[in-house]
C-alpha cells in the first residue's frame, strides 16, 4: 500500500498540493471535534431547560433548527484551521490550557463551567490539528491516515448532530412515555455529560500541549533562542490569565467573552511582533476570525451558559 502521490513524479507543485490536502484533512478533523462538542453541550443544556417554566424561551431558542448553519460552521472552521500555522496553533493551545487550569482552580473541587466548554471550541480545533501534525510527522502513509481520521471524525460528528436533533424534537415526549432508549438513558445519565466532556477535553489537551511544546521547540537551534522566546511568552500569558480572571469576576455575558477574545489575540499579536515571524502575524488574524466565528455560531448556547 502506497501513500497518496507516491506513484507520481516528484514535482514541487504536487508536493504543495499534497501538503494542502493534509492541512485540509487536519482542519476537518479539528472542525468535527468542535461539532461533536457543541452537539453534546446542546443536548445537555436542552435537558436542563426541560420542565422549568422560567426557561421555556431558552429551551425553544436552543431547539430552533438551523439546517445550513452547522455544515457552514464545519466548512469555515476547516478552512481556518487549515490556514493557521502549527506555531500559532500551538500557542493558542498552550494559552487556553493555562486559562482552563486557572478557571477550574477558581471554581473549586467538583465544579464545572459549561461556558468554558464553549470558549474552548477554536482551541480544541487547534489542539486536534497540532496533535495530528505531531503524531503523524514523518509517517509513510500520512495522507491515508488523515483521510481515515477525517472519515471517522465526520461520522462521529454526524451521529452527534443527529442525537441533538432527536433530543430537541422528541426528548420531552419520549422521556415522559418511556418510549425511546436513548431518551431514557439521557433522562437517567444526562447530568453526566459535563463530566464526559471534561475527561475527553483533558485527555485531548494533554496530548495537544505536549505536541505544541515540541512543535515550537523544533524551530530553535540553541537553548538561548528557546529562552528568549519562552520567557516573554510565559510573562505575557500569566498577565493575560490574571487580567481575564479579574474581568470575569466583574462582568459576565457575551460582550465580556468577545472582549476577552480580542484581548487574548491582541496580546499574542504584540508578543509575536517581537519574537515571531511575519507569517505568525497573519496567522494571529486568522485565529481571531476563527475564535469570533465559533462564538457567533454558538451564540444561543453561550447565552444559556451565561444565564446559568
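Any Cβ shown, glycine's included, is placed from N, Cα and C.
All TrEMBL annotations are machine predictions without curation.
Note on TrEMBL: of 68-94, 176-202, the range annotated with the feature transmembrane segment is 68-94. In summary, the transmembrane segment (281-302) lies against the transmembrane segment (68-94): three or more C-beta pairs, each 6 or more positions apart in sequence, are under 8 Å. Within its own chain, the transmembrane segment (68-94) has Cβ neighbours under 8 Å at 20, 23-24, 26-28, 30-32, 34-35, 122-123, 125-127, 129-130, 133, 157, 161, 205, 208-209, 211-213, 215-216, 219, 233, 237, 268, 272, 276-277, 279-280, 283-284, 286-287, 289-290, 293-294, 297, counting only residues six or more beyond its boundaries.
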